[in-house]
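Listed in TrEMBL:
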| type | residues | note |
| --- | --- | --- |
| TRANSMEM | 26-44 | transmembrane segment |
| TRANSMEM | 64-82 | transmembrane segment |
| TRANSMEM | 94-113 | transmembrane segment |
| TRANSMEM | 133-159 | transmembrane segment |
| TRANSMEM | 180-203 | transmembrane segment |
| TRANSMEM | 215-236 | transmembrane segment |
| TRANSMEM | 323-343 | transmembrane segment |
| TRANSMEM | 355-377 | transmembrane segment |
| TRANSMEM | 397-418 | transmembrane segment |
| TRANSMEM | 442-466 | transmembrane segment |
| TRANSMEM | 478-498 | transmembrane segment |
| TRANSMEM | 528-547 | transmembrane segment |
Amino acid sequence: MAIQGFVDWRGNPVNKKRHGGVRTSYFIYFMVVMGNIAHMANVLNLVKYLHGTMHMGISSSSTTVTNFIGAACGFSLLGAFVSDSFITRFKTILIFGPVAFLGYALLALQAHLPSLHPSDCEINGQQKNCEQVHGFNSALLCIALYTIALGEGCVRAALPSLGGDQFDDKDPAESQLKVSFFNWFTFGISLGGFIGLTLVVWIENNKGWDIGFGVSSLTILLGLVAVASGASFYRIQITKGSPLTRILQVFVAAFKNRKLVLPENLDQLQHNSEDMDGIEGLPHTKGFKFLDKASINHGDTGTWSCTVTQVEETKIVLQMLPVLISSVLGYISSPLLVTFTVQQGSTMNTKLGKIHISPATLFVIPLIFQMVILVIYDQFIVPFARRITGYVGGVTILQRVGVGFAASALATCVAALVERKRKNLVEEHGLEDFETGVPMSVFWLGVQFFLTGIVDVTSFVGLLEFFNGEASRGMKSIGTAIFWCVVGLASLLGTLLVDMVNKATRDGDGGRGWLEGTNLNKSHLDRFYWLLTVLELAALLNYLYWARRYVYRHDPRVPQELTEIDDKVSSQTGEVVAV
């Protein structure tokens, strides 16, 4: 049975029995694991490299990392545009994956050659003999980081969408398998992060940054080989031009027709409610009536108008905007909490017996939690909750996201309390001029790490599924890119917030802002965490308002006559546990 809008890698019609489904997910899962071995380890440990090897200050190290995260998410829009419009999601991965490989290779080269980075110096004390990276070396560092951001950003826009394409939303069994796919996709992210934080971080801290970056580049290459090897099994979408162009056409046509009156009979609109040429046909919906004027049928006059499907694609994007904006505000604290927690841990006692634990390695705590809870959630909680609530995913997607934002507010509150205790010990032992040696176990940070894990299990998976699932077929990569933009914009706003806080507090503390300088012991990170807590609570209330008003494009409830397929789906998803 062929599926409209998809072909195989040779351009032939796809068959459900031979293409798509659970088996194609394995190739994608492997790429996810390999990619996140490199990405997760380096995002969480990069601040140590910038501060310890490149000798950048506290706030500049943090903002460089958040800018890098933001750039990677921003580049996902480019990848989404290209993959939805011109070269398909599969080809986007094959083209831009090697770009990420090149970026890690440049970082490895810079870390290996002494002439390309500052000379070693005494990291403890006043650091007067430490020279910050500058000139050509600084430019090379930026080129390497943003090359990685370009490659990873484009791949991350296409990869989840390619996976989602393997399941037919109109098939009840496959639609439930698609929910499971995003849970296991996130499991792959967590598993890759776990391996990266225990292997790559150890290599970078003990064997050298050059070897660590080199291993990262090799994992990217292995992932690309795996995705390419599954080419004959994929359902590949038919590209039919830019969805952004179609949206722009709607606004132009609606403006030109603004003085016209909508016909009482909707049949007089320029209809295209059936799937045609790879574009999903969308029925007319209420709301945003001013856009409906773009589809007024002018008959044979030759006047240009849009189809109802084009108008409905535009409505979908506008309907998601409030959720997008409120989610950005709710996610601001997450990248900041990640980078500053690593810097907190760098000043503390990192010993576990005779073993030194890297602060970045502590992120295995939320990652282990994520993997365990995702298995339990997907295999037991979802089927059980589905029978009680009637929702395909056990709860609605936006309810799941809201739980994560509440956990985020709690995480910053706990982080503020832990930082206050750390600062008290610094003052008691007179360690203000030192950057290490605080007599406090790094495992005090475990609670905020744990809560960060809850955020990823709930909000991360929920938003990824929401923006990909609500987008029309021709905009799946755009939907995924919108999700990454939530993370990216939150990172960039976090950078802006750090700068604003430093400027606002500079005159009140001897000319130093709360987060300025190279010594965390002289900063006021605890006050900053309290500020984040207040902002997160306000963002949570704002999110709940818009989430309650949102109307899903696809009914999240399971049709009564289809509930008996749960047992069939459970038996099929059980195969995925072996990943």
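One is the number of the first residue shown, and numbering goes on along the chain from there.
From the backbone N, Cα and C atoms, a Cβ is placed for every residue, glycine too.
Caution: TrEMBL annotation is automatic and unverified by curators.
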Between the stretches 64-82, 180-203, 215-236, 397-418, which wins on the count of C-beta pairs under 8 angstroms to the transmembrane segment (478-498)?
64-82
Excluding the flanking five residues on each side, which residues at least 6 beyond the ends of the transmembrane segment (442-466) place their CB within less than 8 Å of a CB in that stretch?
160, 179, 182-183, 185-186, 190, 323, 327, 330-331, 334, 337-338, 341, 344-345, 348-350, 352, 357, 359, 362-363, 365-367, 369-370, 373-374, 377, 393, 397-398, 400-401, 403-405, 407-408, 410-412, 414-415, 418, 421-422, 480, 483, 486
Taking a Cβ cut-off under 8 Å, which residues six or more beyond the ends of the transmembrane segment (64-82) line up next to it in the same chain?
43, 46-47, 50, 56, 92, 96, 145-146, 148-150, 152-158, 161, 242, 244, 335-336, 339, 477-478, 480-481, 484-489, 491-492, 494-495
Long-range neighbours of the transmembrane segment (397-418), counting only residues six or more past its ends (CB under 8 A):
323, 327, 330-331, 333-334, 337, 340-341, 344, 444-445, 447-448, 451-452, 454-463, 465-466, 469, 526-527, 529-530, 532-533, 536-537, 539-540, 543-544, 547, 550, 552, 556
Range from 94-113, 180-203, 355-377 with most C-beta pairs under 8 A to the transmembrane segment (215-236):
94-113
